[in-house]
Amino acid sequence: MVETANHNHQTPPSQAAPPPVVVPPLGAARGPLFPPAEQLLQLHYCIHSNPSWVQTAVLGFQHYIVMLGTTVMIASMLVPRMGGGPGDKARVIQALLFMSGVNTLLQTWFGTRLPTVMGPSFAYVISVLAIINDLSDSDFQSEHERFTHTMRAIQGSLIVSSFVNIILGYGNAWRNLTRFMSPLVLVPAVCVVGLGLFARGFPQLGNCVEIGLPMLILLVISQQYLQHIHPVARPMLERFALLVCIGLVWAFAAILTVAGAYNNVREQTKLSCRTDRSFLMSSAPWIKIPYPFQWGTPIFRASHVFGMMGAALVSSAESTGTFYAAARLAGATSPPGHVLTRSIGLQGIGQLLEGIFGAAVGSTASVENVGLLGLTRVGSRRVVQISTAFMIFFSIFGKFGAFFASIPLPIFAAIYCILYGIVAAIGISFVQFTNNNSMRNIYVLGVSLFLGTSIPQYFIMNTDVAGHGPVRTNGGWFNDILNTIFSSPPTVALIVGTILDNTLEARHTVDDRGLPWLVPFQRRKGDSRNEEFYSFPLRINEYIPTRFL
């Protein structure tokens, strides 16, 4: 019985052991991972693809309207301090528009070839204010004579200081400097290009909230939310909602002006809100072609020239950050070193022309127009080239240009709240090519971003109306150079980031800094797409020496 029982006893089959539970490491990603992308995939048109001619013309006009805000701001700030009246202000705006059109064409043909508008730069304001203050004690028979004399002094300073950028660019010095830039440096340099202009956003909007705030809200709702109502409306609202909103709010401002809403307010509110306070329509000539030395023979003074040299350096640093943002929003690869250096040299030639034609300040790559590339998702080079036709046309036919120049500045400030934010976000996107979890990278990014905004804010807060900054030595030209350089957020961020990134364990953190991604684009033939995006048109490169390509 025992044997039978033992024989009939069947042992249960062995069960497979459960698979081991894999515990993800602390901090591991849960959810989808998004690999780094060299180019933005949601653009409708990239640098060498073009919408229809009708859409191209409307988008080009939109670029003209966006750059017009900064042009009017600079003229409104400087011309009254020079002693000029509304007619002088109109002529200064015409000269700035004309040179913006010429310089934009030159850059899109022979410079970076990126869809960037070259507009007047605030970097020159401190140097111009120093010239105005230096001439304030001189005796003139009239205020108009003082204005003309000041413009001649500015002309001379622009002409001489332009050779700083020409030498830096065509001497390949700027190309050598860009070799020290990594994606880690690009993050604060490009980000602060947008964030550093926060004073032109809501603080300017707040000068007339009843106009600026509706513009901001209406633009966000119509351009971002209403486009989802119907598939047909989506592309139209995405590309042209900005123009529609400007027209509606501008008409609203005109109604408030006619209704007498600003009859009993302080003068500053009238200047910001009313549509009839610029006096440009009545003072602008019907036809006026800007011509060389229109204010008279340039005046050359060493103290003025040195201060303007600092502004020329700052405009180069600001343009470099803006070019990187434009390349990303246009669907192009990062601009190679030889492209950046020829663009800075050409920017110097543009400044030389601005001095000859009597512009009040030099030019730089327009940040707001680069933001417009991201807002409309149209990075076409042709669109920006068409916009130059509007700049040059309205600079010659003054009455028509004055009509659009009378748009209240808080409307532009509302637009800039969005456009500058887009450029700042593009700067942040470069962090995907670096090691986000490196404490060394976090330190470099944090210090560069903070000092890039904090140091310029200190200099701006301690600069008086005459342009005197916190650096006040016996050498006025030395003061102007340092005050100009350290009042520029992109320049400070670029300096701090480059120094830290190239001195803190630089050799042992090549991969963490993102150099393997950027270095191929910095070389002329490091990436096959460089030739596609940045080569000259019409085989012009066959007739230009290699060093200038």
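Positions of Cβ are set from backbone N, Cα and C atoms, glycine also.
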Stated TrEMBL location of transmembrane segment, expressed as one of 42-60, 156-174: 156-174
Top Cβ-contact partner of the transmembrane segment (411-430) among 156-174, 211-228, 240-262 (pairs under 8 Å): 211-228
Cβ-Cβ under 8 Å with the transmembrane segment (240-262): same-chain residues at least 6 beyond its ends: 58-59, 61-62, 65-66, 210-211, 214-215, 218-219, 222-223, 226-227, 269-270, 273-276, 372, 375-376, 407-408, 411, 415
Stretch among 61-80, 156-174, 442-461, 481-500 sharing the most Cβ pairs under 8 Å with the transmembrane segment (180-199): 481-500
